[in-house]
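Presented below is the structure to which this report refers.
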């Protein structure tokens, strides 16, 4: 298959450690959050908190571009788009997520009273209009961030950071970051994709399983038969 540049052991260990702390049952759902700086900031916060995947409701091809401040974060947080809100909510509820919407209503709860150690999805609405009426009818609970000033709202990316880091605090206290949340075979597959993305694409195109990796990230089996990968497909 040509040469494949080995990953440095320290980088491989960093990737492995980050993946082991990823939270598969904590996520966000972005409802028409279109401004690139807000979208990027939320994804960057997801990466910092350890969120594995984020969800968005956008028309096809309408996902915001990443701003320069979040370049890199998009490689480490899976982003799933859905054609409409109902489809997104049904998908998440089928995975046993409880959905919370950041919206100040009569029945809204202080975000700090929520138990985020349970499967939790936080829904954030569009910058100008906030969470839609349709979304409020589909979520399980409205939550709010107490404020003591004249203005009773925060920028959507700021609100996301406040709530997600509270979720992280609770999960750290519960020991959720001390062990991998993935099944071993799933974790190994994702780790190979993170470590050797070009090679993983070649294996996917060929319909072949990924080879195992050693403790230092080296590939343990011969991959010369993978003709789909070009000799200059070095990993960075």
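A Cβ is built for glycine as well, from the same backbone N, Cα and C atoms used for every other residue.
What TrEMBL records for this protein:
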DOMAIN    26-165  domain 'tRNA/rRNA methyltransferase SpoU type'
BINDING   102, 125, 126, 127, 128, 129, 145, 154  S-adenosyl-L-methionine binding site
DOMAIN    169-221  domain 'RNA methyltransferase SpoU/TrmH type C-terminal'
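Sequence features annotated in TrEMBL and their locations in the structure.
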residue	record	contacts (Cβ under 8 Å, 6+ apart)
102	S-adenosyl-L-methionine binding site	111, 122, 123, 124, 125, 130, 131, 142, 143, 144, 145, 159, 163
126	S-adenosyl-L-methionine binding site	31, 32, 33, 34, 132
127	S-adenosyl-L-methionine binding site	33, 34, 35, 38, 155, 156
128	S-adenosyl-L-methionine binding site	none
129	S-adenosyl-L-methionine binding site	none
154	S-adenosyl-L-methionine binding site	145, 147, 162
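Across 102, 125, 126, 127, 128, 129, 145, 154, which the record gives as binding S-adenosyl-L-methionine, the greatest C-alpha separation is 18 Å. When each of the binding-site residues 125, 145 is scored by how many other Cβ atoms sit within 10 Å of its Cβ, 145 comes out lowest.
Taken residue by residue with DSSP, residue 129 (S-adenosyl-L-methionine binding site) is part of neither helix nor strand, so it is coil.
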